[in-house]
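Read through the structure below, which is laid out as C-alpha cells, and then see the notes.
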Amino acid sequence: MGTSMEGDCLSCIKYLMFVFNFLIFLGGSFLLGVGVWVVVDPTGFREIVAANPLLFTGVYIILAMGGMLFLLGFLGCCGAIRENKCLLLLFFMLILIIFLAELAAAILAFIFREHLTREYFTKELKRHYQGYNNTDVFTSTWNAIMNTFDCCGVNSPEDFEESIFRFINPGEVVPEACCRRNNHLGEVGFSNREECLSGSMLYRNNKGCYSAVVDYFEMYIYVAGALAIVVLTIELFAMVFAMCLFRGIQ
C-alpha cells in the first residue's frame with residue numbers, strides 16, 4: 001500500500017514538474033522570439049532601439065532571460081518526463097545558481113542602497129556628464145533618460161552648475177537634452193533651443209529626473225518586488241520537486 005502511494009506521489013510530482021517547466025519553456029521561447037525579432041528586424045525598428053541605450057540594453061537582457069528560461073524549461077521537461085537523473089541534477093544545479101545569484105543581488109542592493117540617493121547621482125552627474133559626447137556611455141545614457149522622461153538633471157537644471165558639462169560648454173547653462181520639444185504636424189523639434197541653452201525656464205524641462213523616474217516606476221517597483229518573491233518561491237519549490245523526483249527514481 002505504502003509503495004503504491006509513493007508511486008502515485010512520484011507520478012504526481014513528475015507531471016506537475018513537466019507542466020510547470022513546459023510553461024517556463026514557452027515563456028523563454030516567446031522572450032527569445034521577441035529579442036531576436038528586434039535585433040534582426042529589417043523594418044528599421046532595430047535602429048530606433050540602437051539609438052536608445054536603455055532600450056538597447058533591455059533587448060539583450062530579454063534575450064539572455066529568454067535563453068536561460070528556454071534552457072531551464074527544456075532540462076526540466078526532459079528530466080521529468082524521461083526520469084533522467086543527470087538532467088534533473090543539472091536542472092537543480094542551474095536553479096540553485098540562479099537562486100543564489102538573485103539572493104546575492106538582493107543583499108548587495110541592500111548594502112549599497114546609499115548609492116541610489118539623490119546626492120550620489122548628482123555628484124556623478126557633475127563629474128562625468130559631458131553633454132554631447134554620445135560615445136561616452138554615461139553621457140548617452142543620461143541623454144536618453146532626459147529625453148525619455150522630459151526631465152533635466154537629477155534634482156533640477158541647477159545640477160549642471162559647477163559641473164564638467166559647464167566646463168566643456170561654457171556658453172550653455174543646460175544641455176540640449178533638457179530643452180522642451182513640441183510635436184508639430186508629426187515633426188518633433190525644439191520649442192526654442194537657443195533660449196533653452198541660455199537658461200530660460202520657459203523653454204526647458206524643470207523637473208528633476210530622480211523624481212520623474214521614481215514617479216514613473218513607483219507602481220512597477222511594488223509589482224517587481226512581488227514578482228521577485230513569487231519567482232524565488234517558485235524556484236525553491238522547483239528545487240524541492242527536482243530533488244524529490246531525483247531521489248525517487250530507481
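Residue 1 is the first one shown; counting continues down the chain.
Backbone N, Cα and C define each Cβ position, glycine as well.
Under the heading transmembrane segment, TrEMBL lists 12-39 (among others).
According to TrEMBL, the transmembrane segment annotation covers 59-81 (among others). Within the chain carrying the transmembrane segment (59-81), a Cβ under 8 angstroms from the stretch's Cβ atoms is held by residues 14-15, 17-18, 20-36, 38-39, 49, 87-88, 90-91, 94-95, 98, 238, 242, 245, all 6 or more beyond its ends.
Under the heading transmembrane segment, TrEMBL lists 88-112 (among others).
The transmembrane segment annotation in TrEMBL covers 220-246 (among others).
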Same-chain residues at least 6 beyond the ends of the transmembrane segment (220-246) whose Cβ lies under 8 Å from its Cβ atoms: 10, 13-14, 16-17, 20-21, 76, 79-80, 83, 85, 88-89, 91-92, 95-96, 98-99, 102-103, 106
